[in-house]
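Participant: Per TrEMBL, the feature divalent metal cation 1 binding site maps to 59, 169. What TrEMBL records for 97, 121 is divalent metal cation 2 binding site.
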């Protein structure tokens with residue numbers, strides 16, 4: 001099983017790499033999570049440097065929810081710098097947080113041609129925003145916890161089936177109080193099969209194929 005392990009800060013990336021680096025099937029990537037930008041803004045220069053030497057970046061993005069409005073300008077500066085650097089170095093695959101900020105995220109991506117490939121993690125925007133992101137060629141990562149709400153189930157039905165990959169969002173995401181683990185892809189396939197009205201086996205094969213395609217894009221950015 002291939003696992004993409006995103007981190008929340010450049011320092012976390014360095015620490016995690018020391019512990020789990022060197023495993024062929026584990027990709028660890030540097031990021032600066034929008035929820036902690038106000039605490040880790042000083043690490044931006046480190047992240048910009050790290051991007052030169054990796055094939056993928058994450059987690060990065062914007063969070064427009066009320067709780068993090070106070071840092072939105074700083075988030076915007078960080079995310080813009082990250083996307084610009086990805087374009088400068090030939091493109092990277094990015095895992096992107098876009099809660100209540102989809103339009104702003106897409107605008108930044110659109111302003112930086114050649115940034116690479118966007119994977120919108122646990123997408124919670126509107127149906128119109130989903131269509132805009134899909135039309136731009138964005139990918140989507142989804143896990144079992146995304147189906148906990150009616151809106152999440154409705155969005156899952158509209159995801160572009162050739163650009164969806166499974167995720168866990170562990171250790172933060174939970175189902176019935178239990179942490180969602182990286183091997184939860186089977187559960188994701190079952191839930192997507194219900195949303196799409198397809199056999200579980202067919203959806204599982206689709207997710208496996210899509211994951212292979214995304215891994216190819218990541219390796220292509222080496």
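Here the Cβ of each residue, glycine as well, is placed from N, Cα and C on the backbone.
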Participant: Measuring Cα to Cα, how far is residue 97 (divalent metal cation 2 binding site) from residue 59 (divalent metal cation 1 binding site) in Å?
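Facilitator: Given the Cα positions, residue 97 (divalent metal cation 2 binding site) is 7 Å from residue 59 (divalent metal cation 1 binding site).
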Participant: Between residue 121 (divalent metal cation 2 binding site) and residue 59 (divalent metal cation 1 binding site), how many Å separate their Cα atoms?
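Facilitator: Taking the Cα atoms only, residue 121 (divalent metal cation 2 binding site) lies 9 Å from residue 59 (divalent metal cation 1 binding site).
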Participant: Using DSSP and three states only, what is residue 121 (divalent metal cation 2 binding site)?
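Facilitator: Its secondary structure by DSSP: strand.
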Participant: Taking the Cβ of residue 59 (divalent metal cation 1 binding site) as the centre, how many other Cβ atoms fall within a 10 Å radius?
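Facilitator: The answer is 22.
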